[in-house]
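Pulled from Swiss-Prot, these are the features on record:
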BINDING   Arg20, Glu79, Lys119, Lys445  (6S)-5-formyl-5,6,7,8-tetrahydrofolate binding site
BINDING   225-230, 244-250, 269-272  GTP binding site
BINDING   Asn225, Ser244, Ile246, Thr249  K(+) binding site
BINDING   Ser229, Thr250  Mg(2+) binding site
DOMAIN    215-371  domain 'TrmE-type G'
Amino acid sequence: METIFAQSSAFGKAGVAVFRISGPKSLEVLQLLTGRKDFKSRLMYYQQITVPETKELIDNVMVVYFKSPGSFTGEDVVEIHTHGSKAISIMLTNALLNIAGIRLAEAGEFTKRAFLNNKLDLTAAEGIADLINAETIMQHKQAIRQASGKLEALYNNWRSQLLKILSLLEAYIDFPDEDIPDTVLNEVTNTHTILVNTISEYLNDNRKGELLRSGLKLAIIGPPNVGKSSLLNFLMQRDIAIVSNIAGTTRDIIEGHLDIGGYPIILQDTAGIREESSDIIEQEGIKRAINSAKTADIKIIMFDAEKLDSSINEDIINLIDENTITIINKIDLIEASKIFSIENKYKCLRVSVKNNIALSSILKNIENIAENMAGFTETPYITNQRHRNYLQQALSHLTAFSLDNDLVLATEDIRMTARCIGAITGVINVEEILGEIFKNFCIGK
């Protein structure tokens, strides 16, 4: 196995930068950089590091050596903590590249080696990637649980039950003349039924884990000049959309990212929807707005308190569902009695975006819907389409299983189910998917 290195921290100015080296030559490389031979595992040392050929000083650093297998990758590992300077990073990188037998790591290669050395399974590796990419508290909770092995434990439990069924069935096949009790087949049937129900229910999760991982899409919908862009700017706490009293100012979808109650929200301000427009570009914007609303996880539909009759058209009303927040904007410009019937019919919130009236109620409603759609529970959810695909295949094989069929074919259904579950955690040969998983990591991880 080659020795690899990379800067694990972000490149640029910082208090500290961390370089990681992994592989059989790690300790030798450290000795070349420092001129010291007596490093003990798991002790931090304050050292000078120099360019091996010229002895030019690179930096005063902290270094630590982890002897195999007691490291993240399971190999000999060295970490070098330098000052966070671009010049130091470049000098150290060049010095390492000039040492024979060491190369720059590929994206995710350290974690890939940890997997190959049985330090973690594939779900934990994916959890680490999600942890690095987590931007909200709820994303962190989900990722840290997965990185800690909770998904692995769940899938391994199912696989263990399948392997037990497999062993009982193979005993029937291999020893047909033996007097095997009927209770054995009863156990197979009962376990099979439980697994079918459990995996079916698990798949019927409304993609909560995947929504939390990727973010919930929220579309702001309404007629032109109702205050959609002003609401987007309020939610983002900065001006990212042009606000104008000219109808049709927003022509395309404007997007921003937000953390509401720990949930990742992808905000989309859309073109105003109206029934008639002679502007070809605006017509395309309206088409995109409707499509955006149809694919959104959460919708905010805005009505104009001064123009309720024109605000409410069929295209907009048809978009309302259980995950829609309807609001009447500009309530400061009209008497409450004039909007009472519409407010009750569509369960609207009364707000004024311009004057910051009741806007906190919008945030609370978004958080409540997000919690219902992607709320954190004790049972780990599916977080990745790869897992879902294998679980659907597993359920297909499991559903096909029947003791009324040929016993050899029934056994093969169980074997294929176990293989699908094993492919999620990586206990079977999954070389063809490793590149796809680890390419999404950053260099140095």
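In case you wondered, yes, glycine gets a Cβ from its N, Cα and C as well.
For the binding-site residues Lys119, Lys228, the greatest number of Cβ atoms within 10 Å around a candidate Cβ is found at Lys228. Lys228 (GTP binding site) is 50 Å away from Lys119 ((6S)-5-formyl-5,6,7,8-tetrahydrofolate binding site) when you measure Cα to Cα. The distance from the Cα of Ser229 (Mg(2+) binding site) to the Cα of Arg20 ((6S)-5-formyl-5,6,7,8-tetrahydrofolate binding site) comes to 46 Å.
Summed and averaged per residue, pLDDT over the domain 'TrmE-type G' (215-371) gives 80.
Compared over the binding-site residues Asn225, Ser229, the count of CB atoms lying within 10 A of a residue's CB peaks at Ser229. When Cβ atoms from all protein chains are considered, those within 10 Å of Ala271 (GTP binding site) total 27, not counting its own. Its Cβ placed at the centre, Glu79 ((6S)-5-formyl-5,6,7,8-tetrahydrofolate binding site) has 21 other Cβ atoms within 10 Å. The two recorded residues, Glu79 ((6S)-5-formyl-5,6,7,8-tetrahydrofolate binding site) and Asn225 (GTP binding site), show a Cα separation of 57 Å.
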